[in-house]
Amino acid sequence: QNNAKVAVLGASGGIGQPLSLLLKNSPLVSRLNLYDIAHTPGVAADLSHIETRAHVKGFLGPEQLPESLKGCDVVVIPAGVPRKPGMTRDDLFNTNASIVASLTSACAKHCPEAMICIISNPVNSTIPITSEIFKKHGVYNPNRIFGVTTLDIVRANTFVAELKVVSCFLQGLDPARVSVPVIGGHAGKTIIPLISQCTPKVDFPQDQLEKLTGRIQEAGTEVVKAKAGAGSATLSMAYAGARFVFSLVDAMNGKEGVIECSFVRSEETESPYFSTPLLLGKNGIEKNLGIGKISPFEEKMIAEAMSELKASIKKGEEFAKNFK
């Protein structure tokens, strides 16, 4: 039943456009609703000429938002402002918190059963905001709200493969076959790659492991600097967002054994939200697979991430409580 109805909120932006292109290209999607506050009719007209079955429609401005959400199975939210050099993900809070609260409030009213996938940063705060907004509307289901952290996994897979290609050229790893779970949150030191759980198994000396971990944690900043004020990761984020949506839709269609990491409501640690590998199913999260066996280095990273993670979560919850 490849008939997913998907809405992209923030479809005209740097992430929204390539993400919409990838979704339009998928046989899993039958309807693609594109919403933004500018340019959506043009983006929708452009994408609608592509010879795939997804029917594309553009929606413009707050008055058309309710219509864009009706009947949707999955809503992906990349809306908001991108990072500029010198900014942390947390610096985006003031602008993006309001945007996410408004959009998820509309989701709670017009498609309360949909799977909600939040890309807008800071994810460590925007997921608690989404949960609180859904609670306010009396339609909260923690198994259907996801913080999309897939880009951290995509980067970890790529960087591990690159290092292995360099260090032993004959046994070069194909990045597409590398799988590194990344747990915790989605900012700086809250990003915790579990390289000890990588498949296929890889080994690095401690100094190289620390450098690799640091690169994965700061990879977003690497792109922000390279774009020199012209934005943040958009193409790789669109790829990662699409990968997560396709996994989710596969699971909703009944495919078994679909596992993705995501930042969700969690009992796995002392943090009320935490990213871990999740078994996805017809109703969203079927089972939280937890952290599993980890190295002392990884244990230390979790301990060091806790205070920042909890502070970001609290900030999001407080914001949502006062949001009108």
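All positions are counted from 1 along the displayed chain.
Glycine is no exception: its Cβ is also placed from the backbone N, Cα and C atoms.
Going by TrEMBL, these are the annotated features:
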- HIS186: active site, proton acceptor (ACT_SITE)
- GLY10, ALA11, SER12, GLY13, GLY14, ILE15, GLY16, ASP36, ASN96, ILE119, SER120, ASN121, MET237: NAD(+) binding site (BINDING)
- 5-147: domain 'Lactate/malate dehydrogenase N-terminal' (DOMAIN)
- 149-319: domain 'Lactate/malate dehydrogenase C-terminal' (DOMAIN)
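Binding-site extent for NAD(+): residues GLY10, ALA11, SER12, GLY13, GLY14, ILE15, GLY16, ASP36, ASN96, ILE119, SER120, ASN121, MET237, maximum pairwise Cα distance 18 Å (rounded to the nearest whole number). GLY14 (NAD(+) binding site) sits 19 Å from HIS186 (active site, proton acceptor), taking the Cα positions as reference. Applying DSSP to the domain 'Lactate/malate dehydrogenase N-terminal' (5-147) sorts its residues as follows: 65 helix, 30 strand, 48 coil. Using a 10 Å radius centred on the Cβ of MET237 (NAD(+) binding site) and all shown protein chains, the other Cβ atoms total 24.
When the Cα atoms are compared, ASN96 (NAD(+) binding site) and HIS186 (active site, proton acceptor) turn out to be 15 Å apart. Cβ neighbour count for GLY14 (NAD(+) binding site) (all protein chains, 10 Å cutoff from its Cβ): 19. Spacing of SER12 (NAD(+) binding site) relative to HIS186 (active site, proton acceptor) is 23 Å (Cα to Cα, whole number). In sequence order, ARG89, ASN121, PRO122, VAL123, ASN124, GLY147, THR149, ASP152, PHE263, SER275 are the residues near HIS186 (active site, proton acceptor), counting only same-chain partners six or more apart with C-beta under 8 A.
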